[in-house]
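These notes are about the structure you will find just below.
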Amino acid sequence: MEKIRVYELAKQLNVSTKDLMSKLKDNKIEVKSHMSTLDKDQIAKVKSFYEKQKKVQTSQNNSKSNDENKKITNKNTEKTTEKISTVDSNKQNNSNKRFKPKHPRNNDEESVSHFDKIKHKNKSEMNEKRDLNDKKKNKNFKNTKNKNSNNNKNSKNNKNNKNNDHNRKDEAIKHETKEPKKFIIQPTITVKDLSEKISVSISELIMKLMELGIMANQNQEIDFDTASLVAGEFDVIVEQDEVEDFDDDDVFNLDFEDKKEDLKERPPVITVMGHVDHGKTSILDRIRNSRVAGREAGGITQHIGAYTIRVNDKKIVFLDTPGHEAFTAMRSRGAQVTDVSILVVAADDGVMPQTIEAINHSKAAGVPIIVAINKIDKENANIERVKTELAENGLVPEDWGGDTVLVPVSARTGEGIDDLLEMILMVAEMEELKANPNRLAVGTVIEAQLDKGRGPTATILVQKGTLKHSDMVFSGQASGRIRAMFNDQGKQVKKAGPSTPVLILGLNEVPEAGDMIYAVKDEKEARNYAQKIKDHNREEQIKSSSTMNLDELFGKISDGETKDLNIIIKTDVKGTIDAIKQSLIKLSNEEVKVNIIHGAVGGITESDVNLASASSAIIIGFNVRPTQVAMDMAKNESIEIRTYRVIYDAIEDVKNAITGMLKPQYQEEVLGRATVRDTFKVPGVGTVAGVYVNTGKVTRNATVRLLRDEILIFEGPVSSLKRYKDDVKELTQGYEGGMGLENYNDIKPGDVLEAYVLNEVQR
C-alpha cells in the first residue's frame, strides 16, 4: 500500500479530517496537518481502531433496539387496558341516561356530578369524548328545565327559587365547558392583521384601542403587550410566537446532502489571497489576459470579482479578494466557498499581517494552500527569506520536508504562471470535487449592488444544482424571478451549473453579500421564505436598536465626558459598507466612540443630511457624490460631507481626526455643476460634451467629476472649454458650451459634470 495523505484516509473511513487527526494523536501518531502522509503500518493501525469502534457501536445499537421493543410491548398493553376501562365507563353512562329521576333537582345534581366525573378523567379520554358528553349534558339539562317549569306553575316562590338555582348551575356548566380561543401572533403585528386573526372587524378593534387610550390606524403596528390587552377585551387569548435564532440551512432545509450516485465532477473554485499590493490582481490579469487592475482606483481591487478560465480543456473559477485588513469579512466569505486557496506573497516584501490572516482563513475553512511567491523578477527578491517566514507560520515548503506547495511566479513577465495552473489542477484532482447538477440550485452571493438601469443585481457562485433563466430564487429577504443571467465576460446565458459565477437580474431588493441564495419551486414559496427572514431581521433590529440606545444613554451618564463620533456611510456597492464599518469601529478609544448609525448603497441625498443633522453625524461617501439639493442643505445645516475613492484615505482621515492630528492643508471648493445635453465625436480630439451650466461656473483650470446617477464615474482635469468656436476660461450659470475631459471619452447625455478647485488653507 502506498503512502496517502490524512484527508484522503479520512474520506475512505467516512470521518472528518479533524476527528481523524485527533485519533492519530491519541494513538501517538504525529501529523502536522491534513496534508501529511501516513505509511502502511500507521494506516493499518488507524483502520483497526475504527473497525473496533464500529463493532462496539453495532452492539450498542442492538441493545437499544431490544429495549425499544420492550417499551412498545408495554405501551400496547397499557392501551388495551385503557380501552377496556373506556368501554366500562360508556356502559355506566348509558345506564345513567336511561334512569329517569322523580325529582328535577336530583336530576340537576346528577348532571353536574356527571360533568365533574368527566372533567377529572384522563386528558386523552377527554379529547376523544368531550363533544359527545357536552351534547348529553345539554340534552339532559333541557329536559330538566321543561320539568321544572311544568311542575311549579302554581307556586310562584318555588318557581323563582328553582329557576335561580337552575341559572347558577347553567352558568357554572357554561363556564366550565366553554374555553376562550387562543391564537399565536408575532411580537409585532398590524391592526389589520390582528383583526383578521381574532375574527373582529377593524372598526371594532380600533374603537377598543381608542378606549384603551391607543390611537392607531389599520396599517399601524402594535407590540405584543398591546395586542394581548385588546384581544382580552374580546375574550381572546393571544400567545407570542417564539422567534428562534436560525440559520437558513437549518430552518429551510434546502441545502441537503446529495446521493453519491448523483454527484458529477465540477470545476474547482480558487480564492486568491494575500497582502495589499502583493500582486493578486496582476496574477489574475496575466492568467485572463485582461486589465482589471488598471481600472481600479490606485491599482487596488475594491470589490470581489469572479472569473472563469480554461486550462487544458478544464475550467477553473477564480475569486479575487481585496487584500487590505478592512476587507476581512469579504475574504472570509471567499474562503467559505473556495476549494483551493492561492496565497500570494511578494518576494521582496515577505509575510505581512494580512498574509497571516489569509493563512488563518484558509486553515479555518480546511482548504489546501498553494503559495505563489510573486515579483521574483525584482532585484531585491529573496525567496529563501519568504520560505523561512512561511515556515514560522505553519506553511513548511515541500523541499524543506513539509507539505506546502510553493510556486515562484512573476506577474509582470509571466514566468511560473503555467506551473501555478498545473499545480491548481493537480491539487483539485486530489480533492475529488463533485456536485449534483440535477437539482434546485444553491449558491452564495459574492457581491450585490443597485444599478439604476437594471435594478438590484447580484454576482453569485452556484455551488449545487443548475440555476436557470426564469427560476424563482430568494436570498435573505430578497426574492424574485431571474430575468437575465450574464457570465464573467458579460455574455447572456440561460443556465449556470455548479462552480459557475453569474450576474443575475430580477431580485426585488439588493441582497447581502455572503448570503446563501436558493432556487425554489414557485413565486409564493420564495416570497414566504423571504418574508420570514424579513420578519426575523426586523425583530432583531428592534431589539438591537432599543438596547443600543439605552446602552448609549447610560454610557454617557456613567462616562461623564465621553464623546461620540457618529458616521453615516454611503457606498456604490453593498460589500464595501461592512468593510468600512469594521475598520472605523476599530478606531474607537477611551475618549471617543465611533458609531456607524447608517449605511446604504447609492448617492448622498437630503434624507442622509437630515439624519446627520438630527444625530450630529458626519457623512462619508465612497465612490458616490451628494446631489445638489443635499450639498445646499449640508451647507445650510453645517453638515460635513467627505467623499473618497480609496478606502485607506477615509480610514486615515477619521483616525487623524480622532487623535486630534488632522490639519487639512487644502480645502475643496465646488465651483458649479453642468449637465451634458449631447455629445460629439471630434477626429483627433475625442468626445466633446455639449453642456449647460446649472449652478455656479466651470473654469478651464478646474478639476471635474463626472457623475452618473450620483455615482462617481471619472475624475480628472478639463482638456478643453469652448463657447461656440472660441476657447474660454470659464462658463457661468445659464450658458451653454463645449467641454472635453482629459483622457476620457465615455461621456453620455444626462451626465452631470461637477467642477471644483482645491484652495490652500493656512495651518
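Glycine is treated like the rest: Cβ placed from N, Cα and C.
Quick look at what Swiss-Prot annotates:
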REGION    52-178  region 'Disordered'
COMPBIAS  65-82  compositional bias 'Basic and acidic residues'
COMPBIAS  86-96  compositional bias 'Polar residues'
COMPBIAS  105-116  compositional bias 'Basic and acidic residues'
COMPBIAS  123-135  compositional bias 'Basic and acidic residues'
COMPBIAS  136-145  compositional bias 'Basic residues'
COMPBIAS  146-161  compositional bias 'Low complexity'
COMPBIAS  162-178  compositional bias 'Basic and acidic residues'
DOMAIN    265-434  domain 'tr-type G'
REGION    274-281  region 'G1'
BINDING   274-281, 320-324, 374-377  GTP binding site
REGION    299-303  region 'G2'
REGION    320-323  region 'G3'
REGION    374-377  region 'G4'
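Location within the structure of each feature annotated in Swiss-Prot.
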{"residue": "Gly274", "record": "GTP binding site", "DSSP class": "strand"}
{"residue": "Lys280", "record": "GTP binding site", "DSSP class": "helix"}
{"residue": "Ile376", "record": "GTP binding site", "DSSP class": "coil"}
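Long-range contacts of the region 'G4' (374-377) within the same chain, counting only residues at least 6 positions beyond its ends with a Cβ under 8 Å from a Cβ of the stretch, are 278-279, 282-283, 344-349, 383, 408-413, 415-416. Close to Ile376 (GTP binding site) in the fold, though at least 6 residues off in sequence, lie Ala347, Ile383, Pro408, Val409, Ser410, Glu415, Gly416, each with a CB less than 8 Å from its CB. The Cβ neighbour count for Lys280 (GTP binding site), using a 10 Å radius over every protein chain in view, is 28.
As a whole-number mean, the pLDDT of the region 'G2' (299-303) in this prediction is 45.
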